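Okay, so here's the structure we're looking at.
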C-alpha cells in the first residue's frame with residue numbers, strides 16, 4: 001500500500017535542478033571516496049559493494065553480446081538524428097513566428113517568442129536502438145493554440161520534402177502528429193505553456209509550469225518531465241544505460257514489451273532498472289541485470305515501485321494514491337512515475353499479463369544465475385522462448401482492410417483494444433490464462449487453407465464450429481478449401497489459452513468475443529474511422545492448425561526454440577542436483593569447501609530478504625503457481641452429448657517454457673505439461 005508518512009522524508013532523493021550537473025556527478029567514480037554516498041530512492045541501498053574483476057569482465061561480455069542485435073548506433077547515425085531535430089526545432093520557431101504575425105502581432109515581438117523541441121523516451125535516455133523512433137514534444141507560448149498545431153503546423157510538415165507518412169491523431173488521449181522525417185519515425189506531441197516566451201534554455205522540470213494548463217498539455221509534458229527525473233535519480237548514467245539496453249532487448253525478445261497490450265512499456269522498464277541502480281549504486285551493468293531479476297522476481301506486488309518520495313504539489317491534477325482513489329487499489333503491479341502528477345505507468349496490466357511477466361522474471365533470474373556462474377553466455381538471455389508451442393489452443397484475431405493507410409489506422413485501433421478481449425476471457429471461470437503475443441503477424445497472400453464456412457457468417461464469433469470434433473481428426477469432411485482472408489491487407493494477433501483443470505467442461509467463448517468485436521467496431525464508427533472493407537474476425541485454432549496462418553519455417557524455429565529451452569532447463573536441473581550432491585558429500589567429509597559453496601548458494605537468499613523488505617513484504621516468491629492443467633478438447637456446442645476427442649498435436653512438447661517455467665502459470669517444474677490428453681480427465685470446450 002502507498003506509504004506517504006512524512007517520517008520517511010529522510011529516505012527521499014537528493015536531486016539537482018541542473019540535469020547536466022547531476023549527470024556529471026553521477027558518472028564520477030565513488031571508489032576511494034571518503035564522503036558517504038548520496039541515498040537515492042525510498043530506502044537505503046541493499047549493497048554498496050564495488051565491482052569485482054569478474055563483474056567487469058561480465059559487463060564487457062554483455063556489451064559484446066548486445067552488438068549483433070543492433071542496439072547501438074554509429075556516430076554517423078547519431079549525428080543524423082541531431083540534424084533532424086535541429087531542422088525540426090527551426091521549423092517550430094518559424095511556425096510560431098508566422099502564426100503570431102498572422103494574429104496581428106508585430107514581427108519584432110513575434111521573433112522573440114521562441115518555441116522549442118524537447119525529446120523524451122528512449123532517445124532522451126540514451127538507449128535507443130538502430131532505426132528506433134524519436135519521441136518529441138513541441139512546446140509553444142500561450143498565444144499559440146492547439147488548433148493551430150493540428151492545422152497550420154500539420155500542413156507545414158506535410159509540405160516538407162523530407163517528411164512522409166505524416167498523419168495527425170488529434171482525438172488520442174495524448175494528441176500526436178506522427179511522421180517519417182528523413183528516414184526517422186517521429187511522434188511529436190504538443191504543449192502550450194502559460195508563458196509569453198519560450199527561451200532556449202528552458203527547464204520543464206519546474207512544477208509551477210503546470211499551473212493553468214489544460215490536461216492534454218500536462219499529459220504531453222509528462223513524458224519529458226519523467227525522463228529527466230529518471231536520469232537525475234540514478235547513481236551512474238552509463239551503467240544504467242547499458243543495463244537498460246539489455247533489459248529492453250530481453251523484454252522484447254520474451255514478448256512482454258507493450259504498454260497497450262497490458263505488459264510494460266519503455267518508461268516502465270526504465271524505472272525498474274533505475275530502482276535496481278538505486279539499490280546497487282556501485283554495481284556494473286552486468287551485475288545490475290542480474291540483480292534486476294533478483295529484486296523484481298521477489299517483489300511483493302501490488303506494493304508500488306517508487307523512485308522518490310511523491311512531491312507535495314497541489315495543483316489539483318489527479319495523482320496515483322490508493323488512499324484517495326478507489327480504482328488505484330485494484331492496480332496489480334503499480335510502478336509510479338517520479339514527476340508530478342505521479343501516475344501508475346502499468347494500469348493496463350491484467351491478471352494474465354501479470355502471470356506472464358512474473359514467469360519471465362523468474363526465468364530471467366534462473367538464466368542470469370547460470371550466466372554469472374559461467375555456465376551460460378549472455379546470448380541465452382536474449383533467446384526468444386517459444387510461444388506457439390507453449391499452448392495447444394489459440395484465438396487468432398484477423399484485422400482486414402482494403403488500403404495501406406486504412407490498415408495502419410485500423411490495426412492501431414484494434415491493438416489498443418485487445419486488452420479488453422483479454423479481460424473478457426479472464427472473466428470466464430474456466431480460463432486460467434489468456435496470453436496475448438504482442439507481435440503483429442502479417443498474413444501473406446496466396447496461402448490456401450482449410451477453414452470452416454462459418455468464418456464468413458459472423459465476424460464476431462470464433463470461426464471453428466467444433467474446433468476439435470471428429471472432422472478435425474479426419475481432415476474436415478464438412479469443410480471447404482478457402483483462403484484465410486480475401487482482403488488485400490490482413491494482420492493477425494494470437495492469444496494462447498490455458499484452461500483450468502475441470503472434468504466435463506464445456507465453454508462457449510462466443511459472447512466474450514462478440515462483446516469485444518462489437519465494441520471495437522462501434523468505437524470505429526464513433527470516431528469516423530470505420531470504412532468499407534474494414535473488418536475484425538476472431539477464430540479458434542489448435543496448434544496443429546497454425547500452419548494455415550504462419551510460415552512453416554517460422555514454426556520450425558519455434559519448435560527448435562522450445563527444444564533449446566527444454567534442454568537448457570534440464571541442464572540447470574542437472575547442475576543443481578550435482579551441486580546438492582557435492583555439498584552433501586563435502587558436509588559428510590567435514591570439508592571447509594562446504595561453507596564456501598553454501599555461501600554462494602545463500603548469497604541470493606540474503607539479498608532476496610533485503611529486496612523484499614524494500615518491497616514491504618516477505619521473501620517468498622510471488623509467482624503464481626497452479627496444479628498441472630488438463631489439455632482441453634473441443635466439441636460441438638450444439639450437440640446434446642459431446643464426445644471427448646483426444647488432442648494428439650505435440651502433447652509431449654506442450655511445456656515449451658524455459659528454465660524455471662514449465663507452463664504459462666509460472667510453475668517451476670520442468671516439462672510439467674508432458675502428459676497426454678488421454679491420461680487426463682476429459683475436458684470439453686466449445687467455441688461457437
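Glycine is no exception: its Cβ is also placed from the backbone N, Cα and C atoms.
As annotated by TrEMBL, compositional bias 'Polar residues' applies to 1-14, 30-46, 586-596. Residues or ranges marked as compositional bias 'Low complexity' in TrEMBL: 15-29, 447-460, 475-484, 607-633, 664-679. Marked as domain 'Poly(A) polymerase nucleotidyltransferase' by TrEMBL: 41-234. Residues or ranges marked as Mg(2+) 2 binding site in TrEMBL: 133, 135, 187. According to TrEMBL, the domain 'Poly(A) polymerase central' annotation covers 239-383. Sequence annotations record features per position, and here TrEMBL assigns domain 'Poly(A) polymerase RNA-binding' to 386-559. The annotation compositional bias 'Gly residues' is assigned in TrEMBL to 654-663.
Just so you know, of the binding-site residues 133, 135, the Cβ with the fewest other Cβ atoms around it within 10 Å is the one at 133. DSSP labels the residues of the domain 'Poly(A) polymerase central' (239-383) in these numbers: 72 helix, 6 strand, 67 coil.
Taking Cβ-Cβ distances under 8 Å and a sequence gap of 6 or more within the same chain, the neighbours of residue 187 (Mg(2+) 2 binding site) are 133, 134, 135, 136, 176, 177, 178.
Other than 133, 135, 187, the residues of this chain whose Cβ falls within 8 Å of the Cβ centroid of the Mg(2+) 2 site are, in sequence order, 121, 123, 134, 136, 178, 185, 186, 188. Across the residues of the domain 'Poly(A) polymerase central' (239-383), the predicted structure has a mean pLDDT of 95.
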